[in-house]
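Visitor: The structure under discussion is supplied below as structure tokens; questions concerning it will follow.
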């Protein structure tokens, strides 16, 4: 986790990846006006996701700050107030007042809370830094148990362990006092957290794990795969996602998120900020949101602060609102991409359904037929977009379209329709989200993203009218 209290330099972000070029980030998807959310939280909720921010208790008296936070975000993370040094300043003496301010504000305003962070090598209280061995292990486990128990029932997800893997090419664990208590310390922390707060999601959280080809990413992936195979209670992986010009959004970011999700965990973007300004920054933000929306188990995005002036790297203007609270180009790109949609989270947060617009014009009666036409959309290194246009050849009261992809292709995102799948996963049946009635000659369309996995063959499409 990174906040103004950290002493990290830019060096930790300096590993350069292949960036997402501007041309690879733009996806033009028509969204019905009635379905578009006017705030980040409303737009994210359309696909069952959350959109959150980090909050500092010291800024809750700032009217502009809280107004933006309340309007735009529905998931809240405490910047520093729930970390080890804040919650247990003296051994066995716990202090929750600052964390309570944030949790209470969030809950009073109908928002959920991510708990950050239970165990971490940094921002430990002084007394803990002087411990080692079994004494340190027991103190860590007691801290996890006490804090998770105190907030039991109030936390959506815990960052149980934060930043436990080393930078560089080893792919191994960070050499910390906690690591020196034994290689099983992370597992022990997760088991203690599950016992203390059984209904909260339990996450591992780290930075510079965005590029699938990096050793650190592979090290975390191996640990999560091992945990899942042995029944260690891990539910999610958090990607901090701190980017700048030397460390842009990698071109394989979607691959990273999808591969972790395929292990059976949720993935969450937990501390997003991107240094820059204007269209370049906006395109990078759009690419991150697009990658999340393309992964069904990417359950939400949190930006690390409200305004640029609130950021731990304020000089880089990395957030969605400027220092005066005005929306930036990056905000618009994020909102538009959220409204463009993607795969639906299979376990969404409860949301209020958007009413289906009514019409005073009687729908056409059935009896006609329909045709489906496929057109190729934007292409990336590992995937491509496609659009299917449905045309009524007579008055129809509804339609169903099938899209068949050739294995090993996989459809990873859809929009403007309601999909279902056959047992192979290669045949998608798309139905209209609302009324499918069309008059003779009218058209409608839906779209999808295909991960090609080495095969660029176009999918085949059909249409059946009702």
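Here the Cβ of each residue, glycine as well, is placed from N, Cα and C on the backbone.
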Visitor: TrEMBL tags one of 276-306, 307-337, 338-368 as region 'Disordered' - which one?
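Guide: That would be 338-368, the stretch labelled region 'Disordered' in TrEMBL.
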Visitor: Treating G and I as helix alongside H, and B as strand alongside E, what does DSSP give for the domain 'CBM2' (363-466) in helix, strand and coil?
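Guide: The composition, in the requested order, is 0 helix, 58 strand, 46 coil.
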Visitor: Quick one: give me the count of other CB atoms within 10 A of the CB of residue 271 (active site, nucleophile).
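Guide: Other Cβ atoms found within 10 Å: 26.
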